[in-house]
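To start, the structure itself, in structure tokens.
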Amino acid sequence: MDEIGKPSSSVNCYRQPATQSVSVIHQGPSPQEAAVIQMQQFDVVGGSTDNLQQPDYTRHEPGLFSGLVEGRVMDQLIEHGGVQGVAATLETHIQNGILDGSSEDINCRKEFFGSNSYPASPPTMGFFHCLQKEFMDFTNIILLVCAALYLVLGIKQKGAGEGWYDGVPADGIFIKGSLKVDESRMAAGRDRVEINHENPFLSSGSKIIDGCATMLVTAVGMKTSWGRMMSTIVRDPNEETPLHDRSRKLTLILGMIGLAMALLVLVRLLVGYFTGKTRDEFGNVEFIGSRTKVDDLIRSLVDIIATAVIILVVAIRGGFSLAINLTLAHSTKRMMADQAVVRNLSACEVLASAKTICTDMKRIIASKQIMRVLRFFVGVDSMEGRSYTSIAANVLELFFQGIRHTSAHVHNFFPVTRIDEAILSWAVHSWNMEMENIRQFSILNVKPSCSESWGIGISLRNQADNRIHLHWKGDADSILPLCSHYYDSSGNMIALSNHVERERFLQIIEQMASSRLRCVAFAHRQLSEDEYENEAANHGIPDTNLILLGLLGVEDHCHPGIREAFQVCRRAGIHVKLVTSENVSRARAMVLECGILSPGEEVSERLVVEAQAFFNYTEEEQRQRVGDIMVMAMSSDEHKRQMVQLLKANGHVVAVTGDCANDAPTLQEANVGIAMGEQSTEVAKECSDILILDDNFANVVKVVRCVRCIRNNIQKFNQFQLTANMAFLVMYTVTILSSGNAPLTIAQVLWANLIINTLGALALATDKPTEAVMKQPVYHAGIVMTNIMWRNMIAQALYQIAVILTLQFIGESIFGVREEVVATLIFNTFVFCQVFNLVNARNPEEKNVFVGILQNRWFIVITWIIVILQVILVEFLNRFFHTERLNWKQWAACIGVAAFSWPFDCLVKCIPVPISLLY
């Protein structure tokens with residue numbers, strides 16, 4: 001309940017009595033009527049504080065109504081006279097609020113009911129406070145003491161060389177004990193695997209979850225499975241990215257130009273000094289031969305050398321690395337909000353130039369939406385509209401047995417998938433499957449899979465008759481070739497011995513795939529103990545001569561926003577290629593739905609191919625056709641890697657998504673590897689350059705937008721810095737060669753250099769990504785400047801040179817001022833030219849340079865900081881910066897001339913330039 005009125009520091013729980021009262025109430029008023037009458041009794045008046053009476057609400061308990069809302073009991077509300085009755089008791093009017101709005105009454109209410117506030121949350125503890133708190137925890141103290149004792153005992157037993165660590169990771173074979181391990185570093189979803197004599201293999205890098213066991217070590221170090229996998233990950237820490245390489249070359253060119261200008265200036269100043277043409281501030285000749293004092297000679301030579309060195313300081317682009325680092329740091333922090341972590345900063349530059357992105361079906365299909373079973377076949381008979389009584393009992397029980405025991409919800413050997421959830425829910429709710437008799441079977445062996453073409457196998461022993469049951473579940477394309485027979489709905493077992501029978505099943509699978517349904521097959525086989533031992537010894541879980549139990553069509557959904565993401569890629573000139581193990585029909589249906597292929601686009605062999613058919617072409621044919629392919633179906637991990645190699649050979653910058661250990665070679669082969677999903681294996685992460693914590697391909701597009709913004713920000717800074725550097729070098733050199741005097745002092749040059757290299761980098765590094773960056777053409781990696789930027793840079797540099805030289809040579813006559821004031825005007829105008837050109841650099845292609853400027857707070861703040869500091873330097877730090885105070889007309893002239901660079905920039909952008917020539 002809100003309090004109305006203004007509080008006062010005094011507290012007075014008494015008030016004047018009412019001037020009117022109602023002494024007679026008609027017989028039988030309702031509680032609501034009584035409440036209204038009671039409310040009418042109060043007529044608060046001012047005047048004397050004599051004969052004050054205590055408010056009626058203080059006669060009740062303060063918490064009378066505190067539980068009214070929480071309890072939500074209407075009878076209790078009616079008992080109090082409804083809303084009107086409660087208001088009357090609280091002496092509050094429904095429309096006007098508190099009846100007595102005096103400060104005394106408000107303070108009385110605060111004292112009686114309490115203040116309408118909550119205790120403030122305790123401040124967040126800092127890192128060292130948290131660390132101290134954890135150290136004081138009793139459990140942690142015990143663990144630390146135990147760890148220390150364990151360390152001492154280890155060193156005592158094994159010596160200081162080996163006793164300080166516990167175990168060398170290794171590959172091995174289980175001998176005895178009981179053990180559960182987490183193998184998710186190697187295979188996604190295998191986070192709780194039981195190790196026993198049926199599954200005895202232990203991989204280096206696995207984590208022990210529970211148990212104790214003895215292991216026979218079979219390999220150590222780089223010979224282990226983890227070591228061999230990591231040995232394929234080769235990264236050169238000194239590898240130079242294209243952007244750094246070209247920038248280094250450009251910096252070298254500018255440095256050579258600066259060196260030549262510096263030498264020219266040095267010769268000019270030395271000749272002028274030793275020929276007696278230079279004078280000091282009093283008009284005296286500085287060099288007078290042998291009469292020149294040694295101290296004066298040294299001081300003059302130092303000044304001459306410093307003037308020449310200043311040219312080198314400006315020519316060598318010291319701020320470029322800072323600009324790159326600032327842009328990367330700012331943007332990678334922003335990418336974390338999109339669930340992206342950049343592991344290799346140079347990948348940002350390369351991904352900005354990516355022409356092709358190879359992805360798989362996992363990035364298209366939504367991983368968090370509910371799936372549904374829409375089709376069900378037993379044999380070639382559709383079960384749509386039929387009940388469970390229409391299927392032979394033995395077939396239905398075997399089918400249910402397969403669903404129960406291959407579900408991740410029943411056994412934790414398999415990764416939990418949405419397909420499991422959909423099938424299990426469908427079987428229980430639509431076909432009355434029961435879960436009671438699971439304990440009747442003991443598990444002998446399992447074979448989970450993390451690949452896109454998934455298949456799950458499990459062998460069970462029936463406790464009743466010791467018979468062995470094998471169950472396989474997986475993609476129908478993978479399971480059907482393993483089957484020699486199938487059951488029909490009547491329970492008859494029919495051989496799949498001829499082509500006609502198999503073709504009927506392939507047609508069913510094709511129909512489901514064309515309807516965007518994932519076709520899941522269940523197969524079964526029963527063996528005796530001896531048969532199982534003979535076959536399992538050679539093949540693990542036997543996967544031949546299976547009997548097909550049924551086919552399910554499970555509906556898949558595309559990720560939200562996936563169609564828009566592919567449309568953005570099209571506009572950005574990025575080709576998305578789907579490389580999947582799915583069959584052609586299902587792959588074609590999914591890409592039509594998600595927008596990789598537009599509905600009007602002809603679906604031909606040029607765009608959609610089977611992997612095996614494509615790699616049967618000659619190498620030359622493969623290189624010619626690989627660029628046109630949009631979908632490669634029925635592909636393996638090796639096919640995916642070979643496709644990346646072909647694309648790179650054709651000059652494409654290729655990015656690849658993946659998450660499994662099987663994807664590691666392809667991620668390593670690509671120009672940019674992107675590990676996606678929360679279940680990405682450690683191997684995939686180690687091989688990747690960028691980690692995205694979500695499976696949605698739309699997040700890849702967000703990352704591309706962000707890295708293109710990084711590239712643009714760096715290019716904008718290049719344009720800004722080169723413009724200022726070129727203008728300064730020409731202006732400085734020409735002035736010295738013509739007059740023998742430097743137009744700017746060393747302090748002024750250093751301040752201008754700070755603006756150009758540091759504050760300018762910070763301002764331009766903070767621009768946010770916009771939709772416009774995804775409409776730009778794909779540039780080659782390492783492009784420092786586009787032709788558009790060269791045009792802008794040359795035009796602005798020429799404008800600044802013309803302005804400064806005009807002030808240098810005829811400034812005194814234009815303004816009618818002394819030489820010292822002209823020097824200040826030159827300094828002031830040059831700085832403000834950089835301020836206004838900073839705004840121009842934000843939009844190299846847009847004529848309206850103010851588009852989106854208010855969205856970047858940092859840019860505005862930094863720009864105003866430069867302006868304010870410049871005013872302080874000119875007006876208040878005169879002695880240090882050798883400036884003269886300027887009047888308002890002179891300030892207006894400096895700012896006006898510099899501001900003219902905006903309309904001048906608009907005119908320059910009307911000049912067309914070829915896009916093909918870039919550096």
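Note: Cβ is positioned from N, Cα and C throughout, glycine not excepted.
Here TrEMBL flags 79-149 as domain 'Cation-transporting P-type ATPase N-terminal'.
Per TrEMBL, the feature transmembrane segment maps to 135-153 (among others).
Taken from TrEMBL, the feature transmembrane segment covers 252-274 (among others). Packing against the transmembrane segment (252-274) from elsewhere in the chain are residues 286-287, 300-301, 304-305, 307-309, 311-312, 314-317, 722, 725, 729, 732-733, 736-737, 740: each is 6 or more residues past its ends and has a CB under 8 Å from a CB in it.
With a threshold of 8 Å between CB atoms, the same-chain residues lying at least 6 positions outside the transmembrane segment (304-328) that come near it are 243-244, 247, 250-251, 254-255, 257-259, 261-263, 265-266, 269-270, 273, 342, 345, 348, 710, 713-714, 717-718, 721, 725, 728-729, 732-733, 736, 742, 746, 749, 753, 756-758, 760-762, 764-765. Annotation source TrEMBL lists transmembrane segment at 304-328 (among others).
Among residues of the same chain six or more beyond the transmembrane segment (720-740), those with a C-beta under 8 A of the stretch's C-beta atoms are 254, 257-258, 261, 264-265, 268-269, 272, 277-278, 307, 310-311, 314-315, 317, 319-320, 323, 749, 752, 756-757, 760, 764, 785, 792-793, 796-797, 800-801, 804-805, 808-809, 830, 833-834, 837-838, 841. Per TrEMBL, transmembrane segment is recorded for 720-740 (among others).
Annotation source TrEMBL lists domain 'Cation-transporting P-type ATPase C-terminal' at 742-910.
Annotation source TrEMBL lists transmembrane segment at 746-765 (among others).
The feature transmembrane segment is assigned by TrEMBL to 797-815 (among others).
Within the chain, the transmembrane segment (821-839) has long-range Cβ neighbours (under 8 A, six or more residues past its boundaries) at 720, 723-724, 727-728, 731, 743-744, 748, 751-752, 755-756, 760, 763-764, 796, 800, 803-804, 807-808, 811-812, 815, 849-850, 853, 863, 866-867, 870, 874, 881-884, 886, 890-891, 893-895, 897-899, 901-902. Per TrEMBL, the feature transmembrane segment maps to 821-839 (among others).
According to TrEMBL, the transmembrane segment annotation covers 859-881 (among others).
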Near the transmembrane segment (859-881), which same-chain residues lie under 8 Å Cβ to Cβ, leaving out any that are not at least 6 residues past its ends?
-> 745, 747-748, 751, 755, 759, 762-764, 766-767, 824, 827-828, 831-832, 835, 838-839, 842, 853
